Amino acid sequence: MQNLVILGATGSIGKSTLDVIKRNPERYRAFALVAATSVERMRDLCIEHRPRYAHMVDESAAKRLADALPTGLGIEVSSGDEALLGLVTAAEVDTVMAAIVGAAGLLPTLAAVRAGKRVLLANKEALVMSGELFMEETKKSGAQLLPVDSEHNAIFQCLPEQVQREIGHCDLSAAGISHILLTGSGGPFLTSPLDTLATMTPAQACKHPNWSMGPKISVDSATMMNKGLEFIEARWLFNTARDELKVVIHPQSVIHSMVQYRDGSVLAQMGNPDMRTPIAHAMAYPQRISAGVEPLDFFKVGHLSFCEPDYSRFPCLKLAMDACHQGQEATTVLNAANEVAVAAFLDGRIGFTDIAVINGECLGKIAKTHLDSLDAILALDWEARRLANQLISRV
């Protein structure tokens, strides 16, 4: 029986993880559920899954949750950073699902890595903000890192076993690999006229054609910043050289990514667009378990199409790829600026196309600095957020 801590339990990844646990009760137990402020959803999850611990990032939310839970469940409710870090590093914990969206997930995820846990990584920002430090800590502690993002999980499945065992420090060329092909649907605005993008609303941006996701990642998919962040994440997970990683638009989201080998072979991982598949794979690796996902019906798929990304339509993707090549400072700044800009767009304070403008200006204005510690990373993150908010106030 594996004990899991689920960071981001009330989000889409968290709920899908709990569904997989429920389908495999003889193998997994939700040891602790972690959320930010969603008291009602957390209460319902606690009643259904009976974790030993429920942690709310917000202290007042923790108090409301404690009052809302029926007596007799025996669930300990906590809040605060110290309690959270204690949960992810607890001796009873085998696996940590890192699914808190954004920079907020970095500290507990890094703590789980340092404690040598099996970490299922759905929080791409951890690598975008601190890729070099994160991978060094993974190697030092011996933690097992398994990607949950559908694309990175697909790539992982298409790699030789030896490369899988050396994630973060692998040599793709030595394994006969020429390219990793990172696929993306292009989001809801793939074919929208360019002159209409400035007036797109949050509701329109959140209507992804294939995936069911939260608001932040839905907007990132509409700008293709999500693919840009995944590009950066893939660089760290698979130790890619500059010319070993490419982005391919694939509107149907049936092929989740591909690996191209030197002999001309291309291995692709395919399946219906349901996050329970990569979650179940990461949870059970190297075995396989039921995920509750319908098998792919090739007769219904009909056809698959591919095209190159249009950077005039998706400037955020180009910003992210360029930042990846510039280094850790640029990706840390970009991630922070984008989180602030997307929040402002969802609040109706800026337009859709302003997101890329804010991101680009932040990248151009913050002075370069050497990020040699977590404190330095967090300081740069704070400075980028301050600048982004300043720029937004002038829009």
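Every residue, even glycine, has its Cβ placed from backbone N, Cα and C.
Among the features that Swiss-Prot reports, NADPH binding site is placed at Thr10, Gly11, Ser12, Ile13, Ala36, Asn123, Glu125, Gly214, with the record citing sequence analysis. Annotation source Swiss-Prot lists 1-deoxy-D-xylulose 5-phosphate binding site at Lys124, Ser150, Glu151, Ser185, His208, Ser221, Asn226, Lys227, Glu230. The Mn(2+) binding site feature in Swiss-Prot is assigned to Asp149, Glu151, Glu230.
Location within the structure of each feature annotated in Swiss-Prot.
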| residue | record | Cβ neighbours (10 Å) |
| --- | --- | --- |
| Thr10 | NADPH binding site | 23 |
| Gly11 | NADPH binding site | 23 |
| Ser12 | NADPH binding site | 18 |
| Ile13 | NADPH binding site | 28 |
| Asn123 | NADPH binding site | 28 |
| Lys124 | 1-deoxy-D-xylulose 5-phosphate binding site | 29 |
| Asp149 | Mn(2+) binding site | 25 |
| His208 | 1-deoxy-D-xylulose 5-phosphate binding site | 19 |
| Gly214 | NADPH binding site | 15 |
| Glu230 | 1-deoxy-D-xylulose 5-phosphate binding site | 29 |
| note | Within 8 Å of the Cβ centroid of Asp149, Glu151, Glu230, the other same-chain residues by Cβ around the recorded Mn(2+) site are Lys124, Pro147, Ser150, His152, Asn153, Leu182, Asn226, Lys227, Glu233, Ala234, Ser257
| query | About how far apart, in whole Å, are the alpha carbons (Cα) of Glu151 (1-deoxy-D-xylulose 5-phosphate binding site) and Thr10 (NADPH binding site)? | reply | 22
| remark: As a whole number of Å, the Cα atom of His208 (1-deoxy-D-xylulose 5-phosphate binding site) is distant from the Cα atom of Gly214 (NADPH binding site) by 10
| query | Of the binding-site residues Lys124, Asp149, Asn226, Glu230, which sits closest to Ser12 (NADPH binding site) by Cα distance? | reply | Asp149
| query | From the Cα of Lys124 (1-deoxy-D-xylulose 5-phosphate binding site) across to the Cα of Ala36 (NADPH binding site), what is the distance in angstrom? | reply | 18
| Distance [Cα-Cα, Å, rounded] between Asn123 (NADPH binding site) and Asp149 (Mn(2+) binding site) | 8
| message | For Asn226 (1-deoxy-D-xylulose 5-phosphate binding site), which of the three DSSP-derived states applies: helix, strand, or coil? | response | helix
| request: Mind giving me a neighbour count for Ala36 (NADPH binding site)? Other Cβ atoms within 10 Å of its Cβ, every protein chain shown. | output: 17
| note | Taking only the CA atoms, the spacing between Glu230 (1-deoxy-D-xylulose 5-phosphate binding site) and Gly214 (NADPH binding site), expressed in whole angstrom, is 16
| request: Can you grab the distance from Asn226 (1-deoxy-D-xylulose 5-phosphate binding site) over to Glu125 (NADPH binding site)? Cα atoms, rounded to a whole Å. | output: 10
| field | For 1-deoxy-D-xylulose 5-phosphate, whose listed binding residues are Lys124, Ser150, Glu151, Ser185, His208, Ser221, Asn226, Lys227, Glu230, the greatest C-alpha pairwise distance in Å | value | 19
| query | Of all the binding-site residues given, namely Gly11, Ile13, Glu125, Gly214, which is spatially nearest to Asp149 (Mn(2+) binding site) at the Cα level? | reply | Ile13
| message | Going by DSSP, is Glu125 (NADPH binding site) sitting in a helix, a strand, or coil? | response | helix
